[in-house]
Amino acid sequence: MKVARFQKIPNVENETMIPVLTSKRASELAVSEVAGLLQADLQNGLNKSEVSHRRAFHGWNEFDISEDEPLWKKYISQFKNPLIMLLLASAVISVLMRQFDDAVSITVAILIVVTVAFVQEYRSEKSLEELSKLVPPECHCVREGKLEHTLARDLVPGDTVCLSVGDRVPADLRLFEAVDLSIDESSLTGETTPCSKVTAPQPAATNGDLASRSNIAFMGTLVRCGKAKGIVIGTGENSEFGEVFKMMQAEEAPKTPLQKSMDLLGKQLSFYSFGIIGIIMLVGWLLGKDILEMFTISVSLAVAAIPEGLPIVVTVTLALGVMRMVKKRAIVKKLPIVETLGCCNVICSDKTGTLTKNEMTVTHILTSDGLHAEVTGVGYNQFGEVIVDGDVVHGFYNPAVSRIVEAGCVCNDAVIRNNTLMGKPTEGALIALAMKMGLDGLQQDYIRKAEYPFSSEQKWMAVKCVHRTQQDRPEICFMKGAYEQVIKYCTTYNSKGQTLALTQQQRDLYQQEKAQMGSAGLRVLALASGPDLGQLTLLGLVGIIDPPRTGVKEAVTTLIASGVSIKMITGDSQETAIAIASRLGLYSKTSQSVSGEEVDTMEVQHLSQIVPKVAVFYRASPRHKMKIIKSLQKNGSVVAMTGDGVNDAVALKAADIGVAMGQTGTDVCKEAADMILVDDDFQTIMSAIEEGKGIYNNIKNFVRFQLSTSIAALTLISLATLMNFPNPLNAMQILWINIIMDGPPAQSLGVEPVDKDVIRKPPRNWKDSILTKNLILKILVSSIIIVCGTLFVFWRELRDNVITPRDTTMTFTCFVFFDMFNALSSRSQTKSVFEIGLCSNKMFCYAVLGSIMGQLLVIYFPPLQKVFQTESLSILDLLFLLGLTSSVCIVSEIIKKVERSREKTQKNTTSTPSSFLEV
C-alpha cells in the first residue's frame, strides 16, 4: 500500500506526530486512512486540549498577512520618485546659492506632490486582509461529541465539520458523509456547474485538476444543495485557497506605462540639465570668465529648466480621471491605472460572471413532436415570455410545452425567493421558466413519494409523485437529465397529445436536434414522465445557457475596432466557450482555440508565438492564465485581465491592469485588482480606455507647454549671459513667469475634456517616451518663436543701450503674453482651438483670465510696480504685444492643419489594416 505524503511535526508535550495532508493525496485515500493519519475521531471530534496542541503548530485558520510598514516609511518612500529626487537636489542647490524664493517654491511643490500621492496610496491600497472575508466567521464543528458553533479561524486539521445548504466551506475538508451534496466551485475553478460530491476515494488527475477531487470540499466554495460532514485536512495557507493566496503574494505588480514614461522623462531632464551646466561652464571658461561665477549661472539655469510642476499636474490629472471613473461606477485603486488602460492592447477576460451573467437561463424548448419555442428574459425571475410561432404561451395553453415545464418544475429541488436562487443553477433555470409560464406553483401541487437523486455517474434525477387532489391515483414518475441517459428509459414520445412508440428514426432526429442546440452553446436537458422508470414518455428538450451580459457585445465591437484584442479564458468546455465567444464577436473563422492542457505542454516562448491568433482558451486554470498573460507580455503587449473569482486573482495581479467585478467578484479578486467595476459593466472598460488615452494626451499637452516655456526662458537668459547683454528679466519677473508656468494655466491643461475621437485611435506603445519626435519638434518651434519675439521686443526697446523699467516691462509682458497664447495652442495636439471650443475648458478660461489680470496688476498697480520694477504701458503697447505674441498660436494652428491633411492623405493611400487578432 502507498504511504501517504505528509509533513510530520512533533508535538512537544505528548510526542505525537501531527500530519499535514494535501487535498490531492487525501482524495486518493479512504476515509479511515485519512482519519488515522490525522489521529481524528470522526464521530466525536477532537477534544479542546488536542485542538490547542494542533493550533500551536498549524496556527489559526487564516492568512498570514505580513505587517504593513509604518506610515512614515510609506511617506518617505514617495521621495524615491526620480523627479522628486531631482527637485530635492534643485531645492538644496537653490538654498546653497541663497535663491530662497526658488527653494521655497520647489519645496512646496515637492510637499504637495508627495502628500497627495501618499494620501491616495494610503486610502486605496488595502492589505491582503480582505482575503479573510471569504472565510466565514462561524461554522458547525463537532468537538467532544457535541455540535457547536465556532469561529472558522479556530479550526485545525482533524476537526469534524458539518455542512448544509448555503454554507461557505471554512477549510479544505475530506468528506466522509454526503447526502445529495452539490458545491459551487466557480469562484475557485471557473466551472459554472456545481460539483456533485461523493465520499469514496478518487484517483487525482495527473494535471492536478481540482474538479477531479470530488470527495474534497474546498475552502471558500459554496454549498448549493444537500448536506455533509468532513474532516479538516487543510487550513489557512495550507488549503487550496491558500495556494492562490501565496501565489498572489509572490507575484509582483509591474510598473505602469505612465511610471515608466515619467522615469524616462526624469532621466532625460537630468541629462539635459547637466549637459547645459557643462556647456555653459565650458563656453564661459573659454571666454575667460570666472569659473565659479559660470558654475553659479549654469546651476541656476539648470534649476530653471526643470518643470517642477510636472508631478503635480500628472497627479491632479490622474486624480480627476479617477473621480470621473467613480461617476461611471468604476473604482480605481491606484492613480496611474486609468492611464495604463490607454495603452492596453489585449484584454484577457474570464467568461463566467464577466462576459456572462453567471445565471443559467432556459432560452430554447423543443417538444417531442418537433415544436420549437423561444424563451426571453434573463436570470432567476419571472420576467420573460415563452413564444411559439409568434404567440406567447402561458399556463396550460400549449399542452406540449406545459408538460415539459411541469416535469422540470416538479423534478426539482431548487427554490427562487426574491430573485435569489437557493439550489442548483440548472434547476433554478427550470423554476424561472415555470415562473414565466405561471406554473411555478406546480411544485406544491405534488407530493413526492420517492426520489432518485442526481449523480455525476448516472447524469439524471427522477421523482415519483402523486397530485395532492388525486392521491388515490397511481404515482407519476418525472425525470430530467442528459439526453443520452434519459432516452434509455423512454419507450414512447408525446405527439400532439398522443403517446407513440419511440422509433430509431425519432431517436436520430432528437440526437440531431440535441447536437444542434449544443453547437449553439446550450446545455441540453431531456425531460420525460410516465408510470415507471422503464416506461417513460419523452416530453422534449430544453436548452440552457449562461447568457452574455447586456451591452458586452457592443463594448467588444468598439474595443476591437479601436485596436484592442480580446481573449476569453474560461474553465468551460471548448464547445460552450466558442459558442459564447462567437455570440460576442470574439471568435471568427480565422480564430483559434487552445485548451489548458495544451498550454501546459507549451513553453512560454512557444505560446507567445501562437497566442496572437488565439481568441479562446478553454478548460483553463489559474496557472494557465498566468502563463497566457506572461506570454502576451513577452510579446510586448500591455495586458488587462478581467475576472470575478478566486481563480482569477493571481492573473489579475500579474497583468498590467487587473479589473474585478464589484457585485459578483470575490474579495480576493477585488484586492488583487487595480480597478473594480461596481456594476459589473464590461462597457466601463471601454470608458476607462477612452479616459486613459485622454489623460495621456492632457499630460503631453502640459509637457509641451511647460517645456517650451522653460526652454524659451532658459535660452533667453543664456543668450543674454553669453553675449554679455544686460539681463532682460529681473529675478522677480522670472519668479512670476515660473508661477505662470507651473500655476493655474498649466494645471488647467490637465483637466481638458476627453476628445471623443480618441477611442478610435490605436493604443500607444508603452515603450514610447512621452517626449516623441513630433512633440519635441512642436516644443522647439514654440520656444524659437517665443525667444525670437521676446528678443525682438528687447532689442527694439534697448536702442539707447541703457536698460530702463519700460524695457524690462515690455520684454516681461511680451513673454507672459507668449505664455498665454502658447497655453491656448497646447490644449490639443491635433485639433484647432476653434474645433475643440474656446470655452469648453472653463477652468482654463478662468486661469488665463486670472493670469492676465495678475499681469495687468503687476504693470499698473503702484505697490507691485515697485516690487517687479515695472511701469505702465499704453494701450498701443498692449495691442502691439498681443499681435506679436499671437504668432505662436497661429503657427501652431498651421502645423496642426498640415498634419491632419498629411494624415488624411496617408489613410487614403494605405491598405486595410490586418486583423485585430494580429496583436
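Each residue, glycine too, has its Cβ placed from N, Cα and C.
In Swiss-Prot, Leu37 does not share a side of the membrane with Leu287; the two are on opposite sides. Asp648 (Mg(2+) binding site) is 8 Å away from Asp350 (active site, 4-aspartylphosphate intermediate) when you measure Cα to Cα.
The DSSP breakdown of the topological domain 'Cytoplasmic' (829-843), given as helix, strand and coil counts, is 6 helix, 0 strand, 9 coil. Residue with the densest Cβ environment among the recorded positions Asp350, Asp644, Asp648: Asp648, by other Cβ atoms within 10 Å. According to DSSP, Asp648 (Mg(2+) binding site) sits within a helical segment. With a threshold of 8 Å between CB atoms, the same-chain residues lying at least 6 positions outside the topological domain 'Cytoplasmic' (829-843) that come near it are 697, 700-701, 704, 744, 748, 751-753, 755, 774-775, 778, 889, 893, 896-897, 899-900. Counted with DSSP, the topological domain 'Extracellular' (864-876) comes out as 7 helix, 0 strand, 6 coil. Panel annotation: around the transmembrane segment (877-893), residues 778, 781-782, 785-786, 789, 792-793, 810, 813-814, 817-818, 820-822, 824-826, 832-833 of the same chain, lying at least six beyond its termini, place a Cβ under 8 Å from a Cβ of the stretch.
Mean pLDDT across the topological domain 'Cytoplasmic' (122-263) comes to 76 in this model. Residues 730, 732-733, 736, 805-806, 808-810, 812-813, 857-858 of the same chain lie 6+ residues outside the topological domain 'Extracellular' (864-876) yet bring a C-beta within less than 8 angstroms of a C-beta in it.
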